[in-house]
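The annotation repeat 'PPR' is assigned in TrEMBL to 181-215, 216-246, 247-281, 317-351, 352-386, 387-417, 492-526, 527-561, 562-596.
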């Protein structure tokens, strides 16, 4: 495509004049010709050429050069382009000179668009006093500034200072007989509400009504939003009742506000009312309702709402589907969640990485690890990139059920990815947790030591805690642990295990119990050996009831006990001579599939031998059955 170069006997602009660089970007020239035999440029070309200059002097020189082109006369558009360029460099004196010359140069005063360009320039320069006086400048060319100009000035002032804006409205608008329109009052309402002047906003609303102006939905919605933002949802609801025609935005605001207060009943009432008005609520507001329903386990109701929204023509997005899938996964209905994944794909809504991560987490919770790995591979097939949460969730899930070696393979994939771990330690702690659950303590310690290359500070402190516990300086080790926690660190399960054993050995059971709770709160269930340390501690201090309650609590949290958990309790109960309690403990062990060891049986038999009254009342038949069971086990 050839480039057209136009020359003139007049001086050239700072850069060679190219009529918009390529013919395909140029509108047809007029039939008139310039001195070089080429057609004259249009106003559109000159305006763009001015805007392309790199300095105010170049823009002004280009403008003057174009003035001398044969058969070319400037227009509002070329003046406006130069004014925009000069405003960008804050050359406002030159702008005023241009405004003064326009009536003579082009036989027309500056139009509204030209003044709007100046308003935007003054706004960018934050020249509030000049903006306030701008109507006087406009009056020099026109009898009275248009409402469009006044509203534009008011809109800029509101963003900068509401008091200045209100003074401008009173002195420059009302004083000259300009009442304003809906846009004027919407601007003022926005300014009052953004500065939380709710009382003044209500006064403005009453002012409109007293002047016979019916506030439109924009004015009402602005005030509603301010009320909801300040937690005054009840007052907002009362105001909403005053509206003749609430809009979908009105309902979106109110539904979201009630959801923020966990007021599901009112949110559902307004959602139903919105549908009854023939309006379609925005998916963002609807999703907030879905989230509360799903958190309460009312997933079927959430499904009905989405179906109703879709029937009304509402567009569903991936966030809404993800909320629904998360709700089903929370109920353990992961297969239903997976079916929703397929349904959303069929409707053209593509799942994102969060969709897969929710399902991966759900599958891990119900122990469907093979399905998890299949879904993990599906992500790659479907072009959904794994992120840190994907790796972290999957590694944790695999390690929690004893598939630590598989977890380690996923860890390697994460390390080979571009993002890696991003300085986050949780996947590595999951590997340690998996080794701990499999009682591969030496491997866990070796893995922790090797982590020092990536996390030198955390690993250094962790190893120091372990060393101090070995030296029976548990309280000193706890000080280091507290430092780690205060800095936002999450210690590995080895640190918790070591501290719990150390405090139990020293008889500090309260400290050990608190650490056990912190360990569980961080998602690490203790194995039997860790639990047993506390049970032994309670029993050694004669607190058998505390030991029993602790065991029941651990079982309730899904922790697994072993024979070593019951033996010290059996010994303590039998030492107290409570044969019936000991017998109940043995029965509980057997029901839970735990075979009592020799210590437990010996303790029971020794206690039994001292229970002459029980032997007399229950006859030897019961004793023989008990002995037979002992022999069988």
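Even glycines carry a Cβ here, placed using N, Cα and C.
If you look at the repeat 'PPR' (387-417), the same-chain residues 6 or more away from its ends with a CB under 8 A from one of its CBs are 353-354, 356-357, 360-361, 363-365, 367, 369, 372-373, 376, 379, 424, 426-428, 430-431, 433-435, 437-438, 440, 523. With a cut-off of 8 Å between Cβ atoms, the residues of this chain six or more beyond the repeat 'PPR' (352-386) that come close are 318, 321-322, 325-326, 328-330, 332, 334, 337-338, 341, 344, 393-394, 396-398, 400-401, 403, 406, 410, 413-414, 417.
In this model, the repeat 'PPR' (181-215) carries an average pLDDT of 93. Across the repeat 'PPR' (527-561), DSSP classifies residues as 26 helix, 0 strand, 9 coil.
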